[in-house]
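Below you'll find the structure, written out as structure tokens, and then a few comments.
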């Protein structure tokens, strides 16, 4: 007889937590709707606004298409490259890219392709070109990593058969890899589209004006520059109408997660593919090297002596640590609720997708309106809540399939040993899922450390994070300080990911 999921039935405290989360989001949306009612809806018929919406969709679609295409090429080259030519640390380095602070990515792109960069672009960097470069830089490695994890599931007997038949790589790709890639590519394209449609920091700095501003940037400017709360509320409502259906559909789509199986038989790997892989990798290595070139020096140490930087670093550390811990805990609880047959639990499991249903600046607007009305929303709580909602779908996408596989293997054993609740979690679950939990915590910490969404609206002289301070230095044209500060933001994330990568690799070899 099948066993019921452990720790789900009767677990009303976690259910109450997620009901409270939905209630808070409902309260924020109510505040936004109330503010939006003061402005005539004819604003939505404004030609400039409609053009801005159309350009946002076009930019996001083009960014997603380029990211998926380059991610597919990068994964294919790495899959067939001779391993002795690919250092192990390179994978860890590339894995840090999706969680890089967006402002750090902006400075990398500026250091490489800006007017004073290593390879300045003749047509200029600001505008659609800069936005596309930054978005592809940020998202293509994620797509490549997901594809490679999917390809590792190719059975050994199929791999041997292809090699015995002497099929070309084009034929073997069509027979083995492409059937496993089609659905995933659609899912990843949709994910990158949502991320680029709601892109904020990259478009704010590299957009070059209002022409390519996303709705997130337009919302921020309506609050910060014009203080037009009615217009900001209407922009927020338009975003919700566009994104909520897409996010709901996405919550039902399959996600690829960490794969716990690597086939013993891989494809034939050659030096030629390794060389091609290194050439493509230059798209990422050049901006990284450019940031090191611009950031290292006397100013790198001098900027750390500034009291404002030290205070912002402490704030970023506690915000990032608390956010990451809450994300992992909530993802764990949602992973349990997903296994329940209860309709309420299945509905609550959609909570992970709130970040896409309610984008960062929409959330910030709701919190801002509540704070303006009652003054009880603290900046720290607002930033942590935003980080949790942002990171939850990514950590859940990795953790939940691993939890499902683990429970399939261990439920019967847990019943035989009469292990339940905390005892089972401590003795069985954590021992197996620790590498995934470590990876999830580091991933969430990296995203939270560098997020520049809510803090852009709630930041003050008394509450600053490193990304907020970095943006201020860019705005005051203290670019050398900005490059040095970006390096301080990037290096800790890189070191943490190397540790998480080694932890996961060591566990996989056991």
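Placed from the backbone N, Cα and C atoms, the Cβ positions cover glycine too.
Quick caveat, the model's predicted, so the values are computed rather than measured.
Residues or ranges marked as transmembrane segment in TrEMBL: 16-37 (among others).
Annotation source TrEMBL lists domain 'ABC transmembrane type-1' at 53-250 (among others).
The transmembrane segment annotation in TrEMBL covers 57-77 (among others). Remote same-chain partners of the transmembrane segment (57-77), defined as residues 6 or more beyond its termini with a Cβ less than 8 Å from a stretch Cβ, comprise 128, 131-132, 135-136, 139-145, 147-148, 151, 173, 177, 181, 185, 188-190, 192-194, 196-197, 199, 212, 214, 273, 276-277, 280-281, 283.
Annotation source TrEMBL lists transmembrane segment at 89-113 (among others).
Residues or ranges marked as transmembrane segment in TrEMBL: 125-145 (among others).
Annotation source TrEMBL lists transmembrane segment at 189-209 (among others).
As annotated by TrEMBL, transmembrane segment applies to 229-250 (among others).
If you look up TrEMBL, you'll see 271-293 (among others) marked as transmembrane segment. Non-local neighbours of the transmembrane segment (271-293) in the same chain are 70, 73-74, 77-78, 80-82, 85-86, 90, 93-94, 97, 104-105, 107-109, 111-113, 117-119, 136-137, 141, 483, 486-487, 490; each lies 6+ residues outside the stretch with a CB under 8 Å from one of its CB atoms.
Residues or ranges marked as transmembrane segment in TrEMBL: 313-335 (among others).
Residues or ranges marked as domain 'ABC transmembrane type-1' by TrEMBL: 313-500 (among others).
Residues or ranges marked as transmembrane segment in TrEMBL: 347-370 (among others).
What TrEMBL records for 376-400 (among others) is transmembrane segment.
Summarising the annotation, TrEMBL assigns transmembrane segment to 436-459 (among others). Beyond the transmembrane segment (436-459), the same-chain residues lying 6 or more positions past its ends with a Cβ under 8 Å from any Cβ of the stretch are 96, 99-104, 200-201, 204, 220, 223-224, 258, 316-317, 319-321, 323-325, 327-328, 331-332, 360-361, 363-365, 367-368, 379, 382-387, 390-391, 394-395, 398-399, 402, 430, 465-468, 471, 489, 492-493, 496-497, 499-500, 503-504.
Long-range Cβ contacts of the transmembrane segment (482-500) within its own chain (Cβ-Cβ under 8 Å, at least 6 residues beyond either end) map to 89, 92-93, 95-96, 99-101, 103-104, 107-108, 111, 291-292, 294-297, 299-300, 302-304, 309, 313, 438-439, 442-443, 445-446, 449-450, 466-467, 469-470, 473-474. Residues or ranges marked as transmembrane segment in TrEMBL: 482-500 (among others).
With a cut-off of 8 Å between Cβ atoms, the residues of this chain six or more beyond the transmembrane segment (376-400) that come close are 24, 255-258, 315, 319-320, 322-324, 326-328, 330-332, 334-335, 338, 351-356, 358, 360, 363-364, 367-368, 370, 433, 436-437, 439-440, 443-444, 447-448, 451, 453-455, 458-460, 463, 465. At the 8 Å Cβ cutoff, the transmembrane segment (89-113) and the transmembrane segment (189-209) share at least 3 close pairs (sequence separation 6 or more) and count as touching.
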